[in-house]
Structure formats: C-alpha cells, structure tokens
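Quick look at what TrEMBL lists:
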type: SIGNAL; residues: 1-19; note: signal peptide
type: TRANSMEM; residues: 157-175; note: transmembrane segment
type: TRANSMEM; residues: 187-205; note: transmembrane segment
type: TRANSMEM; residues: 225-249; note: transmembrane segment
type: TRANSMEM; residues: 270-293; note: transmembrane segment
type: TRANSMEM; residues: 329-347; note: transmembrane segment
Amino acid sequence: MQRLLFTPLTAFLGSPCLRLLVPRVAPRTQCGCSCGIRRPLRPGQYSTISDVALQPGRSTVSLPSKAAERVVGRWLLVCSGTVAGAVILGGVTRLTESGLSMVDWHLIKEMKPPTSKEEWEAEFQKYQQFPEFKILNHDMTLAEFKFIWYMEYSHRMWGRLVGLAYILPAAYFWKKGWLTRGLKGRVLALCGLVCFQGLLGWYMVKSGLEEKPDSHDIPRVSQYRLAAHLGSALVLYCASLWTSLSLLLPQHKLTETRQLLRLRRFAHGTAGLVFLTALSGAFVAGLDAGLVYNSFPKMGESWIPEDLFTFSPLLRNVFENPTMVQFDHRVLGIASVTAVTVLYFLSRRIPLPRRTKIAATTLLALAYTQNMAE
C-alpha cells in the first residue's frame, strides 16, 4: 500500500509540472558573502512564459519565432506581388481608356456585375450622362461598353483582393502573437496605406467624371491625382517587399568602410531618382504628353522645344504643359539609367555578398530594358 501511494506522489513532487504551480522567487543576488538573499517578484511579474499562461483570463501565449517570421515574410512577399499586379492591371486599364466606365463607387454593391440585358442597359445609360461618352465615345455600342466596363471592374476587384490579402492575415497573425512590437507598427501602416489607396483611386476617377464647361478637351483624370495614386502604390509595394525580405533573408554584417557608406548613399539617391521618374511618367499619362513628340533623342527638329514655357506662371509648365512634362520625363529617365549604371560599377569595386551583386546586375538589366521599351 505504501508503495502504491508514495511512488506516484514522489514522481509528481519531482516533476516539472509542480514547478509551474509553485510561486517563483528571484535568483540569488551577489552580496559578497556565502549567503544568498532571495527577493520575491513584484505583483504581476512572472519569471517564465509558463507563469503567464497560468494566470486567470490568459490563454496560451505564442512568442514570435523564426518560423513565424518566415510565415509573415512569405505573406508580405505575396502581398507585394498582388500590389505589383494591381499596378500592371491599372496600366492596362489606362491604355484601354477604361477607367471612367464605372461612374459610381460602392464597396460591396458593385462586386456583383450586371447579368441581365436590362441591368447592362441601365449601367450604359448612367455612363452616357458623363463627359467621356458625350465628347469621346458618343457612338459607342453596348458591346464596346461591356469591354471597358469589365476592364475597370477587374481593376477594382483586384484592389479589393489586395485589401483582403493584407487585412485578414494581419488580423490572424496579430491574434496568434506572431508579430513583434516593431512589426505591428509596420503592418498597421501597410494596412492603412491599402485602405488609403482604395479611396485615392476613387478620388482620382471622380476627377474625370466632372463636367468642365470651359474645356472641350478629351475628358481625363487629374494628372496630380493619378501621380498620387501611382506613388502610393509604389510606396506600398516597396515597403511590403522590403519588410518581407528583411524577414526572409539573413542580414549580412559588412565592415562599415568609406566605400560602403558612399555606395549606400548613392543607392538611396538612385532609388529616389527612379521614384521621381515614375511619378513624372504618371504626369505624362495623365496629360497624354507622350503623343506630343514621337522622335528620340530629339523632340521634333530640336533638342529643346520652343514651347517649353508657354504657360504662366512658369511653375505650371512643369506639371501642366505636355511638352515640358515629356521633356522632364526624358531627362529623368536618362538620369535614372545613368545613375543605375554608375551604381553597378561602384558595386563591382567593393567586396559584396553574391546576393547583392546579383541584385545590382538585375537592376542594370531592367533599367536598360525599360529604357529601350520606351
């Protein structure tokens, strides 16, 4: 009988489970003598994660780990891919002149496209009330309208997919405790930027639906709002990709030499220049400035056109004069390619990791491919 009672009791007293139930005390402090003083922990202070888990009202706590970081990093990598897809689809929508085919905006209601002939005719009649149909597409058929409507519809639905790809996993990872304190701030900023991007898209489209009695020009969205819409998408893409790669790829520890610091500063400047070039491209698209001069490297018969400063005040020419906007975009494009080339040769003079050298070579190839495509 004693063996039946005391053997399990002895095993339980020596097990790790009991140590979770016993109040912890602080470790011995060094006092300069052979004795040790134990200090009790303050109320609310726990020595291990197990102590936290056993408190009333607390569930099992999951600390961020390398595995969790990899999952979050892959999620953000996928998110950056969806943003890139949205930018590409937005470009196609712009090229097919489909952006003004949907004349209202509803978060949930517009997710269901028209199905019957009556619904399509009602949607077409709404489009006929706005300047683009009256001035540009007054002879458009219902079949042609369906094409541009579905192009804009695809872009909007993809935008909603991007929003869900950010917000739903973010809420799940937050609840699971897989986000560090610093990462929580980044994820909140990314989710907020996604919502802002959607509102900015409708704000841009709305500018192309407004009646302008004093203008007989082709209806188009504001080039300022178009540049803001594209710029915020690029910021969202870069921030997501940067955060993803910082979680997935090990960080190289390099000696901070003068050459490395110079390369890093030049890389930051090159990134800013490329971003500025992309924004100038939005102004070119918004004003259809690419149609003004179709020759390169000269613009017409001269290197510098005579109508660069036809608007008053002079600053308006930078943003509203199609000739100046195209001229600026050409200059910025050449400057970006030059900067990327210099960056590549600077990177070859410094002992860098193989991954960095591959990135520099890829960047150079993309820059020249982009330049030739234009």
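Counting starts with 1 at the first residue shown.
The backbone N, Cα and C atoms fix where each Cβ goes, and this holds for glycine too.
Note that this is a predicted model, so its numbers are computed, not measured.
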*Out of 157-175, 187-205, 225-249, 270-293, which stretch touches the transmembrane segment (329-347) the most, going by CB pairs under 8 Å?*
270-293
*Long-range environment of the transmembrane segment (270-293) - Cβ separation under 8 angstroms, sequence gap at least 6*: 94, 218, 220-224, 226-227, 229-231, 234, 299-300, 305, 319-320, 322-323, 325-326, 328-329, 332-333, 335-336, 339-340, 343
